[in-house]
Structure formats: C-alpha cells, structure tokens
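Below is one structure, written out as structure tokens; comments come after it.
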Amino acid sequence: MGKDARDSWGSPAEFMLACVSYAVGLGNVWRFPYLCQMHGGGGFLIPYLLMLLLEGVPLFYMELAIGQKMRLGSIGAWTAISPYLSGVGLASVVTSLYLCLYYNIINAWSFWYLFNSFQSVLPWAVCPVNSNRTGPLEECERATPTQYFFYRETLDISPSIEENGGFHTGQALCLLLAWILTFLFIVRGVKSTGKVVYFTATFPYLVLFIYLVRGFTLHGAINGVKYMFTPKMDQLANPVTWINAATQIFFSLGLGFGSLIAFASYNQYHNNFQRQAIAVSFINSGTSIFAAIVTFAIYGFKATVNYENCLGRTRVLLLNTFSLAEDSISLDNVLELLKSETLDTAVEGAGLAFIVYSEAITNMPLSQLWSVLYFFMLLLLGMGSMLGNITAIITPLRDFKITSGISDEVFNGGVCLFCLLLGLGFTTPSGNYWFTMFNDYGATFSLLFIVLIEVITVSYIYGIKRFEKDIEDMLGHRPNWYWKIMWVAVSPLLLISLFVFYIVTYIRGGTPTYQAWDKDVGKSVQYPEVSGAALAVLHLLLVSSVSCIPLAALYAFCRKRKHGVVRKESVSTVAA
C-alpha cells in the first residue's frame, strides 16, 4: 500500500527534466573544458564519447531501472534486493550528505557575485585603495583584482588550514539564502520539484546560447575555439587521458549518489526509462561540449586582450634589455609566444568559474549585464544539481516507517536546517581549504566503490536473467545484447580499473598537500602538508561512507543469526 500511495511525477517530461537538471551541473561548465585543454583539445572527445557508451549510458540505465522497479529510495531498494546490501544505499546517503554540505557553498558564492554584479563598477575589475588612500592595495597589485576579490573579499581566506576565525557574514547569509531556496524547491517533494525543473533545466541553455553568440563576436574568440578543436592525438597514448574521460562521464551523470534511484522511484511502473536514460546521457555530454565551446571562446577573448595589452611593452622590453635591432623582434613573434603560454595553461573549478570568467567579463562592454547573466546561470546549474543531491537523502529516509508520520514540510525543512548548520564551517577563513578537501575526497573513492558493488550485485548476485525479466515486466521487452555485455563485463572491468588507479595514485601521492593563499606574493602557493587533525578528517571522508557496506552486511548477518537461534529455541520448548 505504501508503494501504491507513493507520490509520482506529473508527467514523464518532469522526470526527464529533473534528470537533466541534476546531471547537467557545474562540472559541465568548469571541469570538462579543463580536461579538454589538458588532454589535447578535440582529441579528448574520442575517449570521452567512447566512455559514454561503455560506462555512462549502461550504468545510468541500470540505476533508473532499479529505482522504477523497487519504487523505493536507495536504502530500501538495495535492502529489497538483499538485506545484506542495505549498506550500499546507506553509503549513497552519507556520500550525498557530504556533497550537500559543501556543494551549496558554491551556490552561495554565485549569490555573492550576482549581488555584486549590480554595482556601477564591478568590484573585481579594479583594486581597492589602501588605508592611506594613496594608491591601490599592495596585495591586490601583487595579484590581480579578480584574484584579490575572490580570495580576500569573497573568502577572506586564512594563510593556512590551521588558522581560523569567525564566520564571513556575507557568505553565511548567502549560504542561508541558498538553503532557503533549496527548501522551497523541495518543500512538497516531487510535486514542487517537478515544477521547478522546467526552469532550472532549460534557462541555463538560454544563457549559454546567448554567451555563445556574444562569445563569437568578441575579438580573438575564434583563436580559443580553434585551439579546442585542434587535436593533439599523442594524448590518446596517455592512460591518464582515458582515466579522466571515464571519471568525467561517471561523475557528470551523477552515478552512485542515489539521486537517480530516488527520481526513478516516483515514476509510473511502465514508464519508458530506457529511452530517457539514453536521451539524458547524450544531452549531458552534448551540454559539456557546448559549454566547452563557449568557454574556449571566452578563453580566446581573454588571452587576446591580455597579450595585446602587454604586447607592445614586452617587445620594447626585449629590445632594450638585449640591445636588439628594431626589426629583430616582430609583434607577431611575441604574439605567438604569449598565445601559446596563455592557452596551454589549464584552469578548472572555482578558478575558472570565479576568476577567469570574471576577468574576461570585465573586458566586455556592458560588463554588468554579462556578469548578471553568467552568475545567474551558475546559480541555476548549482541549484538544479542540489535538487538531486538533497532528494538522494530525503527519499530513502522517508521510506522508513518512523518518518512516515512527519509532514513533508517539517521533515524536508529539518534536513535542510541540519545541512545548513554543518555547512557554516565553509564560511570561515579556512573554509575554502575544507571545501577543497571535501570536493577531492568526499565522494570520489566512495562512489567508485558503491557503483562497482551495484553493478556486481545486479549482474551476479541478483542475477542478470532476473534483472532482464524485471525490465521486460516494466517495458514489455528485454534489454538487448549491448546492455547485457556492458553490465556483465565491460562496466565492471572499467570500474575496477578506475578504483585501482585511484588507490595507487593516492598511495603514490604520499602525504597530501594543498594550495594556500600567500598575501605577500599575491598568489596560491603549495603548502607542505596538512595538519594531523585535517588528515584525520580526510581519512574519515574516505572510509566513513564505504564502511557502511560491510558494517550493514555484518549487522544483517548477526540479526539473522540471532533471530534464527531464538526461533529454534522456541520450537524446542514447544516440542518439549
């Protein structure tokens, strides 16, 4: 009866848009362009699209099938398959919790930049004056205005992870606003989420298209696009290229978090999830390529502006320093040198989204307009992903009888408040270092392990024949040979390779280090190693979610054995 009374999406379109809104996120905008730049431009598309077919689509299909069949969140779905597997769903919930804690701080940064975009002069376009009002602030001059605004005004960053202070009031308020918005989006479960995704899934494409048109009209933008589509085929011989392509597909689609299982659990039983899995997977990858073209257009514009600004000065400096003839160094020679240095420097993450893009925007006419559009798009991309992240926590917990009597508003609000209070730590001066730690270690290791267990369970424990029959029951036909080969052989082997590669890389890396802001030089410098407390938190992040799987299996075993002994004793007593 609980399954029959379960809420459902208003239409298949709502479910598909929710999946698109969740899968298409910040990683498409700030990590995929970075990987293209680092691994040979257009040549990176070959392993990327191959991994989409071998890993992304089959695993996406599998998670949707499980959610729609069981009509339960991740914990309930895996427990229904086997009581010993309840830890798989629990591990997904813990991983999603870690993600929610730090992911919304990115939305807080987007709010912060969005609000500051309405000033007559963008605050990251110029350096603030010093205390004597005799000139620009020295720290800002040593860095750049965009770097200074991000590290000092936005983060108020401390010089190391050990040094701390009070909360950044502006960031704390922006984080509060981000969580209030998240709560309003999910306040009534899929009934409210289903309406929100019409906007969060579609509006970013409008902004990207506007930026594409604008980008191609910018001076030098075509240089960046040419750089992207000029393949360096030697990168195909580099195993790291293939590993990064597989990892990008894996995380971009949001596998292992439990979000897809939760979303699919609200589907009608005979919904055609196969067609939706294929469509969403290709939309996601297409968006990554589309966003990369926009990003490289901005790269080209920024690079052109930068080296044209210093072109004449560099040429004069070289001529005077080495006493060269006037015609020995041409502007074209210097231009090619600077162009190569600029476009070969790869930037990802917050550095791309909040520093590189911000600097490029300051050089555009009507910079406030482009700034508002860009950061509003970032905010929608982030909020769309947050809908999936928070649903991955709420849905499995709502499946328990103990929470069934609590209203959606109270329960969902309690989860959001809990995450907000824990997430306030990221608004402290050392918060960005903890953010980086959670981003690097909170999900990667655990997700690889979770999805590996999922695909092995479906193929070899639950049984591929039984899984085929479930799909036939829902869709009216069995999956073809392609899906079966992927689930039984190819995807597990790829996941094992990724898992081993991650462990070997982590061991070889030695004691983790991190980038810390040095105000004396005006840039991030390599800090020797993290403190003992930070290292303990790092290892806790690595093992806490993964340990749920064996611990839950052990608990199920002990519980079954105990009940078996009690039942045997009671039978003996009755017989006597």
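Just so you know, glycine gets a Cβ as well, placed from its N, Cα and C.
Feature annotation from TrEMBL assigns transmembrane segment to 12-32, 44-62, 83-105, 169-187, 196-222, 242-266, 278-299, 372-394, 415-435, 441-464, 485-507, 533-558. Positions annotated as Na(+) binding site by TrEMBL: ALA23, VAL24, ASN28, SER252, ASN284, LEU381, SER385.
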Requested in this report: Any chance you could find the range in 12-32, 196-222, 278-299, 372-394 with the most Cβ pairs under 8 Å to the transmembrane segment (242-266)?
Outcome: 12-32
**Report entry** Segment-segment contact (the transmembrane segment (485-507); the transmembrane segment (169-187)) at 3 or more Cβ pairs under 8 Å
**Finding:** no
Report summary line: Cβ-Cβ distance under 8 Å, sequence separation of 6 or more, same chain as SER252 (Na(+) binding site); the residues meeting this, in order, are ALA23, GLY25, GLY27, ASN28, ARG31, PHE32, GLY56, ASN284, SER285, SER288
**Report entry** Cβ-centroid neighbourhood (8 Å) of the Na(+) site, ALA23, VAL24, ASN28, SER252, ASN284, LEU381, SER385 excluded
**Finding:** VAL20, TYR22, GLY25, LEU26, GLY27, GLY254, THR287, SER288, GLY384
**Report entry** CB contact flag for the transmembrane segment (415-435) and the transmembrane segment (441-464), at least three pairs under 8 A
**Finding:** no
Query raised in the report: Residues with Cβ closer than 8 Å to the Cβ of SER385 (Na(+) binding site), same chain and 6+ apart in sequence?
Result: SER21, TYR22, GLY25, LEU26, TYR103, GLY254
Report task. Please work out the number of neighbouring Cβ atoms within 10 Å of the Cβ of VAL24 (Na(+) binding site), leaving out its own Cβ. Result -> 29
Query raised in the report: Among all the protein chains here, how many other CB atoms are within 10 A of the CB of LEU381 (Na(+) binding site)?
Result: 30
**Report entry** Other parts of the chain folded back onto the transmembrane segment (12-32), taken as Cβ under 8 Å at six or more residues beyond its ends
**Finding:** 106, 190, 193-195, 197-198, 200-202, 204, 248, 251-254, 259-260, 263-264, 266-268, 271-272, 276, 279-281, 283-284, 287-289, 291-292, 295, 348-350, 352-353, 378, 381-382, 384-385, 387-389
Query raised in the report: So which residues does the transmembrane segment (196-222) touch in its own chain, when a touch means Cβ under 8 Å and the partner is 6 or more beyond its ends?
Result: 14, 17-18, 20-21, 24, 185, 287, 290-291, 293-294, 297-298, 300-301, 303-305, 308, 364, 370, 373-374, 376-377, 380-381, 383-384, 387
Report task. May I ask whether the transmembrane segment (441-464) has at least three C-beta pairs under 8 Å with the transmembrane segment (44-62), counting pairs 6 or more apart in sequence? Result -> yes
Requested in this report: With Cβ distances under 8 Å as the criterion, find the stretch in 83-105, 278-299, 441-464 that has the most pairs with the transmembrane segment (533-558).
Outcome: 83-105
Report task. State the residues, same chain only, that lie 6 or more residues beyond the ends of the transmembrane segment (83-105) and have a CB under 8 A from a CB inside it; answer 'none' if no residue qualifies. Result -> 73-77, 171, 175, 178-179, 182, 256-259, 261, 382, 385-386, 389-390, 392-393, 396-397, 419, 422-423, 426-427, 431, 434-435, 438-439, 442-443, 446-447, 449-450, 453-454, 457, 461, 541, 544-546, 548-553, 556-557, 560
